[in-house]
Amino acid sequence: QDITLRATANSNENDEDYDGSVVFKNYVEAASNGAIEVEIFMGTQLCSNGAECLQGVADGSIDVYISTSGGASGLFPYVQVLDLPYVMADDRVAEAVLSGDFTRTMRDMALSDSGDAIRLMTIGNTGGWRNFANTQRRIAQPSDIEGLKIRTVVADLPQELVRALGASPTPIPWPELFTSLQTGVVEGTKNGITDIMSMKFPDAGLQYVTLDGHAYMGALWWMSNQRFQELPDDMKRVVVDGFYQLQQATFASPKRKSIQAYEDFVAGGGDLYVPTPDEKAAFAEAAQPVYEWFTANVEGGQEIYDALTSAVAEAETDLETARAADME
Amino acid sequence: MLGPLGRLNAALCTAGRAIGVVAIAVMVAVTLLQVVMRYVFNNALPWPDEAARFCMLWMTGLMAPTALRHGGFVAIDSLLMALPVRLSAFLSLILLSIAMLVLVMGLTIGWAEVNGLGGRFDTASLYLPTSWGLDSWYRIPRSWMMLSLVVGFAMLILVNLELMIRAFMGLIGAADRLPMVRNPVLGSAE
Amino acid sequence: MLVLFLPVFLFFLMVGLPVFFGLLFAPGILLWLNGQERDITLLYRNLYNGMDSFPLMAIPFFMLAGELMNRGGITLRLVEFSQALMGHFRGGLAHVNILSSMLFAGLSGSAVADTSALGSMLIPAMEKQGYTRRFAAAITAASSVIGPIIPPSGIMIIYAYVMGESVAALFLAGIVPGILVGLGLMVLVKLMADRYDFPVASRRHTWAERGQASLKAFFPLMTPVIILGGILTGVFTPTEAAAVAVAYALIIGIFVLRTLKISELGDVLSKAGITSAVVLLLVGAAMSFKTVVSLSHAPELLADFILTLTENPLLLLFLINLLLFAVGMFLDAGPAIIILGPILGPVFTSLGVDSVHFAIIMCVNLTVGLATPPMGLVLFVAASVSGEKVETISKAILPFLAVEIFVIMLITFVPEISMTIPRLTGFAD
Ligand code: NA
Ligand code: NA
């Protein structure tokens, strides 16, 4: 082969990121007829956080990297728009939005911010939706969460959200979270069910999960722009299509994986609560200060927020039309 | 040649230790503050973790040169002890040259990293007030933290140079004319 | 090609290149020869990022706490307490030496600190009572290895960080093995005391006197209770526990016992800072080294090779103990763990050995290596504290080492010794 692409993700082989990487590798190697080889490095062998890995992408030691919004927010603060609660209603809306021009808008913003070094290739999913989970009680309405110590990553937006709901955001590194839940250093967390189960958090007492789906766990797939631009056009096409395949795979993977995770959670005695539409509206109402905070304080916040909300509106209209047609 | 360099290194190391002492005190203080805030006020702060790491990195960069200067870097020195004086000085010189290569590479890469994209990332939670009224804040970039190791490498290079000159003097049999380095007691992690 | 990093590294290590430079130079030069210049940047990045860690901060904190306790005259109170309990036995001061080490271990994570603190006090005292200086130095060195086995422990923090284990689990797993080492040494002292007619240290203390000694030692003895209790009940993380230990040592040193002067603080902070700086650089370099270890597929190759020797995990554990013991003779525990952990850990966990159990085997074995001739670090410290020659202490320590090797084998083949407490408390499965 002529080209070797080195792809890395900081998660392990049980993660959706790995599923996406494998699909990408398989598609690109086959479609390029072996002209492109993809090497996958899972974990932290090459780099261990967003800052390091994106620097690697920029200087050419890494070709492809997947970050969460938190991982890239130190450089591109507006990617936190994906963490804004209750903007996208469900998978169908989210998938339509992320497959469209919204992602291209974000790509342009990141390219111009990184001096044309880092290219956003696609946005997939990693772990489904974030939900509130805790060790103390069922959370059915915003008042139930008041006073709880909720673990967040050290990023502004999730902390603002937790604060807006009257709880206390507590930054704890991911590897220390199990012990911290077990011993009560924190009482809750906001994660997808697959992460909750793969980290065995129920064993640490995390028995209450509320499916409020407050944030879409977007996976941002980055590539070195120079590396991409150096490819001949036919290979660019293969790579772009490869990322499409990858995106589809990561959309699907958590849906399949979460079935077992939910079953295991309930079988272990866990309390799984689905809030009613009214309760969900109450959560959205309580989270209102976060939107104001985001558009006022985050660089590029207004621009990306407008892009997202108009994309959501468009997607919802299209989906209604499609649904109506399908129901005839 | 050795005199001015030795005095420079002594001064830099003393300054490094002084800042390091403050840094380690701050590390303890903010970590305790976090425990108190979480338990007494049920209000964990976002910044102590990162502030403490900031101090730890600077403590490391600024205090490691003292350790190198006083032979505090862990090494198996039985061969160096067993060899005759001149041969030992020769081997030292080779080893110090390797160390120099590592340090110079480190400084080069480190400087590029500080000025690269990774340095432009914001720290997650560290701000500096930019007005007396505390109403405007500057978000500290990651490069301020990354600079710690670069400064450390630069100081280590100066110290290593001094050690190389010493080894060279030993090689030509002039070791007895060297000024002494005062030896502070170093501890151990084991 | 890249797999050569280990022999290249070992060569430079043996000729005297400091471990820190060796960990970066050996992989760096191979990457360069391999035409992988872009990966040399990864070495630097992992060095920096390897040090940028909150859990690692427990190392400077515990080091600082131990140093403060020592200056605060706390060591003396522990010795007096031990004497009140065991001084009247035949071989009393030898027992006191061991018990003090076990108690000191609850405050400090370092065998070197233990040897110098207790040695400078107990070796002259033992000589005065008619023990030979070499015996006194040997028992001091041998018992000091308990320091990093009973929590807190510097090397366990390093192992947990480099290998992604829970610090709390390792701390809890070290308690019983540490006590076993102490008891083993006491049994040997008892046998020797009867045979060689060792002196008793003091008359039997009355219970009132014992109560008084306990009262004086109460504050220092509370340290491990606060550290472990705090971690177990979730009041704080291990790193925060270490900071609390620093505050506690300061408060009892300055206000309660009034043996620590504020003017000494700068010195104590400086010493702890310099030592931690070296350790942190080493840990960072180890993370870089680990990158190349995984790029080279060395653990897989090594696992294949080891499995051609035998597939019996028990025999393998025995062999690995021999290897660790040999390494421990020449290399200090911290660097040895940093180098060997990432290579050996995955091999044994893939063979079904519990990762916490393996961590304890490795930590205890390499810690005993600190007291093993010819290069054991605490032997040198014991020599400088006592004024006895290293060679002489090396001979006198052999029977104690035999006991410690026996304990290592027990720990290796009876996993329950280490695993029961972490399992009961839910910190290991
Ligand atoms: Na200890
Ligand atoms: Na002792």
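Cβ atoms here come from the backbone N, Cα and C positions, even for glycine.
Under the heading transmembrane segment, TrEMBL lists B:12-36 (among others).
The domain 'Tripartite ATP-independent periplasmic transporters DctQ component' feature in TrEMBL is assigned to B:27-168.
Sequence-distant contacts of the transmembrane segment (B:56-76), counting only residues of its own chain at least 6 positions beyond either end whose CB sits under 8 Å from a CB of the stretch, comprise 9, 12-13, 15-17, 19-20, 23-24, 27, 145, 148-153, 155-156, 158-160, 162-163, 181, 183-184, 186. Sequence annotations record features per position, and here TrEMBL assigns transmembrane segment to B:56-76 (among others).
For the transmembrane segment (B:88-112), same-chain residues at least 6 beyond its ends with a Cβ under 8 Å from one of its own Cβ atoms are 79-81, 146, 149-150, 153-154, 156-157, 160-161, 163-164, 167-168, 170-171, 175. Here TrEMBL flags B:88-112 (among others) as transmembrane segment.
Non-local neighbours of the transmembrane segment (B:143-161) in the same chain are 5, 8-9, 12-13, 16, 53-54, 57-58, 60-62, 64-65, 68-69, 96, 99-100, 103-104, 106-107, 110-111, 113-115, 118-120, 123; each lies 6+ residues outside the stretch with a CB under 8 Å from one of its CB atoms. The transmembrane segment annotation in TrEMBL covers B:143-161 (among others).
Within the same chain, residues 44-45, 47-49, 51-52, 55-56, 58-59, 61-63, 65-66, 69, 155, 158-159 sit at least 6 positions outside the transmembrane segment (B:12-36) and bring their C-beta atoms closer than 8 Å to a C-beta of that stretch.
Model confidence over the domain 'Tripartite ATP-independent periplasmic transporters DctQ component' (B:27-168) is summarised by a mean pLDDT of 89.
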